Amino acid sequence: MPVEGITKTTKSKGVRMIRRHRSHTEGTHTDRPSMSRYRDDVETDGMPSALRDRLYDLFGQIEKEFDTLYTANITLQERVDALNEKIEVSSTSDKQLVDSQDTPDLGSKPKRSSQISQKIKTTYKVSTSKIVSSFRAPTSSFTYVRDYRGHRDGVWEVKVSKSDPHVIGTASADHTARLFSIETGICLLRYTGHQGSVNSIRFHPNKDLVLTGSGDERAHIWSSQVTLPTHGEVVKSHSSGEDDLDGSEKEEMMEDQDQVTDCVTQRSPLMELSGHVGVIIAADWMAEGTQAITASWDRTAILHDTESGEIINTLTGHDQELTEVEAHPSQRMAVTCSKDTTFRLWDFRAPAMLVNVFQGHTQPVTTAVFASNDRVISGSDDRRAKIWDLRNMRSPIATIQCDSAINRLSVCDATQIIAIPQDNRHVKLCDINGNRIGRLPRSSRQGHTRMVTSVSWAGDTSTNLFTCGFDRQVLGWQVWIQPKDKE
């Protein structure tokens, strides 16, 4: 039955389990089982044809069952969202009714009017207080700008270049990473050096270098030097008339265009980092850029020397597979997330490394990022994002309740706005104190059609927020928040 409770148990523990536990090791990463992947496994095992055919049939039935349940739950979620909007409208009307009842009516009995007013106030006290608080929120606007096309499978991560603010990078389950021009959407470079799903992409703090982690148990360092498109290429990219197409037609055109697009291809890394015996789910540069840290499904993280490729330290302690690693932008610190429901802070500033364990989530922790004022924001499959103070790590200072499992979130350096991507195709926006600002618009013609896997803020550009998902889309948005002191 497609109810909200079953969304978590079926989609998160079923579909989500398959994509996270199968695909990396087999070189692809999808949010539903792929028959070709199972077929390859069966054929290489030399099974009898009758048994193999039976397995094909069973896997096909499983896939259809997942598709049906996933679609049903998405439809139900849309109905729930619509009902929530109606409730908000109704609450607004109720508040207006309360205000009208508070206004003295000289033509009626004061006692009767007072009783009605008090009853309405008591009944709708909670809803009206929420409305009043929402009136105090900053004015905001969220506008879709463009998409960035080329990937043939789900996109796991999107990041903005630190050395060139006009470039974004993407990591995909199609075994490739790509660099795009923010202003034009043109693919500038395609990296094909990995033999498995590319699960993460991070830019060097100050050099034209990229670090990618993959399901092939390797992390690669490669050059991100690109040439921005000329005016003629920009005009050509905007003359195809694609914007009037629906989702399926866009995907077909995207595949056709990718075959003829003149995109520079890089096939070999400048440096390969090894040492893990499992999927590398993420890799990041340390603050100074001479070291990198990788996180793996082998339950360890490894600190590497990026110039020699040597292993400096192997970090152990997590009880289950790691899901993410993020380095501090200016300090020698990093956080690792795990399916064991915890995330750990590794402090390399002292001669003796310090480790702090953060507990507070009830499901796998999928993301953790550093923010200003010594804060860390974590997100989990338990549908909660928590804001922590590094100076007091016993409990979070705020909790953000979401509607679905949370993926790789991002905090804007300038505004300290948190963008939270979710499995239910939405991106929620909150301030650094956990107060809700809004969410990115989503419809049949814009927004993601499958789970949103990652978000990334840009600096002072017209397109300042980027999202990616397992619908193969990478989208650019213009997000504007009016500061409170200007209200």
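Every residue gets a Cβ built from N, Cα and C, even glycine.
Copied over from TrEMBL, here are the features:
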- 10-23: compositional bias 'Basic residues' (COMPBIAS)
- 24-41: compositional bias 'Basic and acidic residues' (COMPBIAS)
- 90-103: compositional bias 'Polar residues' (COMPBIAS)
- 1-45: region 'Disordered' (REGION)
- 90-117: region 'Disordered' (REGION)
- 191-223: repeat 'WD' (REPEAT)
- 315-356: repeat 'WD' (REPEAT)
- 358-398: repeat 'WD' (REPEAT)
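Within the chain carrying the repeat 'WD' (315-356), a Cβ under 8 angstroms from the stretch's Cβ atoms is held by residues 205, 278, 281-288, 293-303, 362-370, 376, 378, 380, 390, 393, 408, all 6 or more beyond its ends. Long-range contacts of the repeat 'WD' (358-398) within the same chain: residues 8, 12, 16, 320, 323-324, 326, 328-329, 333, 335, 337-345, 404-411, 413, 416, 418, 420, 430, 432-434, each at least 6 residues beyond the stretch ends and with a Cβ under 8 Å from a Cβ of the stretch. Helix, strand and coil content of the repeat 'WD' (191-223), in residues and according to DSSP, is 0 helix, 18 strand, 15 coil. Secondary structure of the repeat 'WD' (315-356) per DSSP, as helix, strand and coil residue counts: 0 helix, 22 strand, 20 coil.
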